[in-house]
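Per TrEMBL, these features apply:
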| type | residues | note |
| --- | --- | --- |
| DOMAIN | 5-183 | domain 'Formyl transferase N-terminal' |
| BINDING | 13, 14, 15 | N(1)-(5-phospho-beta-D-ribosyl)glycinamide binding site |
| BINDING | 66, 91, 92, 93, 94, 108 | (6R)-10-formyltetrahydrofolate binding site |
| ACT_SITE | 110 | active site, proton donor |
| SITE | 146 | site 'Raises pKa of active site His' |
Ligand SMILES: Nc1nc2c(c(=O)[nH]1)N[C@@H](CN(C=O)c1ccc(C(=O)N[C@@H](CCC(=O)O)C(=O)O)cc1)CN2
Ligand SMILES: NCC(=O)N[C@@H]1O[C@H](COP(=O)([O-])[O-])[C@@H](O)[C@H]1O
């Protein structure tokens, strides 16, 4: 049975590409119906076109307010009737009306070990704080920014000579593993959001979700 998803992007779309690749390789039984970007020049739109996926560019600057943009974005998404909306480097804060509409069926990937470093520029902030560990979180999207229930986290070290660029490469490598894994769990109906808590295989996860280890499949 088809499992329609819509992916929202703003930039390169390497996480989108990871989902496309796993779908094409038969490792992820999803149907990416559309890719929507708030930036017309997002390279992720080219990735989608190459994969034969419908694309939409909705320039947020063309709308009078965040609410008007979100309303158009919601209409665009709803035409595909997705079972899941995946934010993959989507760089707009979404309104409460929008997040409530997709509550429990919208995921985000955030480049930090939440609740540390919500918002932007997470790699540099972790380096500037002299952290020795950093990572990535996959979470359900809530109206409060980067505060939705956490599903999966994966971590990496911050070395002495680390830069935001070298750290981003390490974090990306983890993203391409855990995001498709979370989408796979949702597709297999193993993952749900209940009263603000993540339920996986009937068990309530801890606040920090599951820490990804190599053994998880
Ligand atoms: N209501 C929510 N909206 C969004 C969430 C969320 O959890 N709740 N996740 C973000 C993704 N994100 C971090 O993971 C994030 C995206 C964008 C921003 C931000 O400050 N955006 C600015 C514009 C920044 C820019 O254009 O470079 C803005 O929207 O004014 C912070 C965090 C997606 N939305
Ligand atoms: N706050 C959201 C955020 O910063 N998300 C981050 O944007 C990058 C998108 O890369 P991609 O476009 O190559 O997938 C990813 O590293 C993702 O964690």
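Yeah, the Cβs are placed from backbone N, Cα and C, and that goes for glycine too.
When the Cα of residue 93 ((6R)-10-formyltetrahydrofolate binding site) is compared against those of the recorded positions 14, 110, 146, the shortest separation belongs to 146.
Within 10 Å of the C-beta of residue 146 (site 'Raises pKa of active site His') there are 20 other C-beta atoms, taking all protein chains into account. Under a cutoff of 8 A between CB atoms, and with a sequence separation of 6+ in the same chain, the neighbours of residue 91 ((6R)-10-formyltetrahydrofolate binding site) are 10, 11, 38. In the three-state DSSP scheme, residue 14 (N(1)-(5-phospho-beta-D-ribosyl)glycinamide binding site) falls into the helix class. With respect to their backbone Cα atoms, residue 15 (N(1)-(5-phospho-beta-D-ribosyl)glycinamide binding site) and residue 94 ((6R)-10-formyltetrahydrofolate binding site) stand 20 Å from each other. The Cα of residue 13 (N(1)-(5-phospho-beta-D-ribosyl)glycinamide binding site) lies closest to that of 110, out of the recorded positions 94, 110, 146. A separation of roughly 8 Å, to the nearest angstrom, links the Cα atoms of residue 108 ((6R)-10-formyltetrahydrofolate binding site) and residue 146 (site 'Raises pKa of active site His'). Between the recorded positions 66, 92, 110, the minimum number of other C-beta atoms within 10 Å of a residue's C-beta occurs at 66. With respect to residue 66 ((6R)-10-formyltetrahydrofolate binding site), the closest of these recorded positions in Cα terms is 146, chosen from 14, 110, 146.
The subset of recorded positions (14, 92, 94, 146) lying with their Cα within 10 Å of the Cα of residue 110 (active site, proton donor) consists of 146, given in sequence order.
When Cα-Cα distances from residue 14 (N(1)-(5-phospho-beta-D-ribosyl)glycinamide binding site) are compared across the recorded positions 92, 94, 146, the shortest belongs to 92. Among the binding-site residues 66, 92, 94, 108, no residue is identified whose Cβ is positioned under 6 Å from ligand 2. Checking the binding-site residues 13, 14, 15, 66 for a CB within less than 6 Å of any atom of ligand 1 leaves no residue at all. Confidence for the domain 'Formyl transferase N-terminal' (5-183), expressed as mean pLDDT, is 98.
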